[in-house]
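Here is what TrEMBL says about this protein:
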- 126-425: domain 'SAM-dependent MTase RsmB/NOP-type' (DOMAIN)
- CYS234, ALA235, ALA236, PRO237, GLY238, ASN239, LYS240, ASP258, ASP285, ASP305: S-adenosyl-L-methionine binding site (BINDING)
- CYS359: active site, nucleophile (ACT_SITE)
- 431-459: region 'Disordered' (REGION)
Amino acid sequence: MALYATAASVLANVESRRGSIKGLVYASSFQNVKQLYALVCETQRYSAVLDAVIASAGLLRAEKKLRPHLAKVLVYELLLGRGFRGGGGRWKPLLDRHQARLKAELARLKVQRRVSRNEDLLQVGSRPGAASQVPRFVRVNTLKTSSDDAIDYFKRQGFSYQGRASSLEDLRALKGKCFLLDPLLPELLVFPAQTDLHDHPLYQAGHLILQDKASCLPAMLLAPPPGSHVIDACAAPGNKTSHLAAFLKNQGRIFAFDLDAGRLASMATLLARAGVSCCELAQEDFLAVSPSDQRYRQVQYILLDPSCSGSGMPTRQLEEPGAGTPSKARLQALAGFQQRALRHALTFPSLQRLVYSTCSLCQEENEDVVQDALQQNPGTFRLAPVLPSWPHRGLSSFPGAEHCLRASPETTLTGGFFVAVLERVEVPSSVPQGEASAPELTLSAAPRKKRRPRRTVAPRTLPLTEQVLLFLLP
């Protein structure tokens with residue numbers, strides 16, 4: 001099966017330090033990048049355990065044509081994963097011959113180490129901590145369906161809907177096939193941690209987006225009304241872009257930029273599956289985009305989520321060999337780029353609101369970058385006070401930093417994240433007063449409709465079940 005061969009190739013290149021998991025996955029030709037990424041990450045996490053089991057069982061001695069990295073992927077799937085997908089192809093009969101011995105060696109290893117669970121075999125540094133308790137957040141793609149329809153679909157599949165959550169404790173208590181509606185985002189469903197929906201028909205059909213709650217905050221706080229022109233400055237892999245399109249209801253225009261051709265190609269696939277028809281993709285450095293270009297004269301909203309250290313991502317250690325706490329030199333280089341990108345974004349003449357976000361926990365990439373931008377634009381932009389009830393605020397490194405938002409598995413039951421909303425203080429002369437007024441930070445604000453631009457796709461609305469069936473037909 002192509003999945004296992006591709007996963008073995010990515011794993012071999014990661015272990016020989018030829019790139020990060022994420023970069024190698026996007027560079028592969030495998031279509032389901034999320035499925036491939038998850039398999040490689042988990043195989044890598046259990047690498048030492050798998051090596052021990054394979055060696056004790058004598059698998060490579062018995063199957064001399066089986067390469068070590070492929071063996072590791074296959075044994076992970078057999079013993080620790082979800083079982084062979086798609087029947088397993090020609091690999092299933094091969095592994096079946098050794099299944100009893102492999103299982104016996106795994107059991108022997110548990111006895112030797114005096115543990116009962118597979119995850120207890122992991123070394124302390126590889127064991128899931130608070131991040132393993134982060135629920136599975138699932139954003140309903142309102143371009144294709146509604147939260148009510150998605151909830152009904154899950155209920156018909158035997159899931160138990162528990163209503164809207166009222167606290168983080170409700171989310172922590174989720175178990176089994178129960179799920180909730182997030183208390184903040186009306187289109188966000190919450191399932192127990194480790195729930196895997198990659199093969200679910202609604203996900204495959206683009207009705208659901210698997211996206212952490214913290215990652216949903218940037219588009220929610222930018223909240224561009226239908227008809228707006230928006231820039232997504234560092235757009236790939238595209239989850240936030242599709243969220244922006246949902247706010248726009250595909251009415252308006254998104255200019256999305258990214259330098260990586262492979263990531264941009266995967267993003268185009270994601271957006272097509274999500275039904276996004278208002279986005280223009282460009283393989284271009286955002287810093288090279290001219291604010292005076294007439295194409296961007298109506299851009300009033302910018303989402304800037306630049307490259308960062310990823311220190312808030314639980315899987316970062318797997319994505320980038322040798323990563324961890326970023327070095328001082330790397331932090332300086334990243335912060336320098338982030339400062340240039342934010343300063344550049346604030347020069348677009350019609351800009352009214354900008355959201356700056358990272359998946360970093362480092363002050364140098366977060367509060368310090370925002371403070372630099374405000375100092376470079378005194379009296380022009382200010383930090384907007386948002387979500388006053390959000391429990392984790394920005395570090396008190398400068399006056400007003402408490403208006404920034406932070407997130408972490410411990411405080412918000414999400415991945416580590418940082419968000420700041422900057423809004424223009426004065427109306428620019430290039431935009432009429434009526435158009436430039438920034439809407440309130442609510443999900444209901446929507447100004448008068450503008451004439452729709454030509455769309456590349458005009459989908460016919462079908463019932464949810466019929467849409468899924470049509471999508472899955474060969």
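Backbone N, Cα and C atoms are what each Cβ position is placed from, and that goes for glycine too.
Where the annotation comes from TrEMBL, it is an automatic prediction and has not been curated.
Known features from TrEMBL, placed on the structure.
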{"residue": "CYS234", "record": "S-adenosyl-L-methionine binding site", "CB count, 10 Å": "21"}
{"residue": "ALA236", "record": "S-adenosyl-L-methionine binding site", "CB count, 10 Å": "26"}
{"residue": "GLY238", "record": "S-adenosyl-L-methionine binding site", "CB count, 10 Å": "27"}
{"residue": "LYS240", "record": "S-adenosyl-L-methionine binding site", "CB count, 10 Å": "26"}
{"residue": "ASP285", "record": "S-adenosyl-L-methionine binding site", "CB count, 10 Å": "13"}
{"residue": "CYS359", "record": "active site, nucleophile", "CB count, 10 Å": "21"}
At the level of the C-alpha atoms, what whole-angstrom distance separates ASP285 (S-adenosyl-L-methionine binding site) and CYS359 (active site, nucleophile)?
20
Whole-number answer please: how many Å between the C-alpha atoms of LYS240 (S-adenosyl-L-methionine binding site) and the residue listed as 'active site, nucleophile'?
13
Across the domain 'SAM-dependent MTase RsmB/NOP-type' (126-425), average pLDDT on the 0 to 100 scale:
92
Based on the record's binding annotation for S-adenosyl-L-methionine (CYS234, ALA235, ALA236, PRO237, GLY238, ASN239, LYS240, ASP258, ASP285, ASP305), what whole-number value in Å is the widest Cα to Cα distance?
19
State the Cα to Cα distance, in Å, between CYS234 (S-adenosyl-L-methionine binding site) and the residue listed as 'active site, nucleophile', rounded to an integer.
13
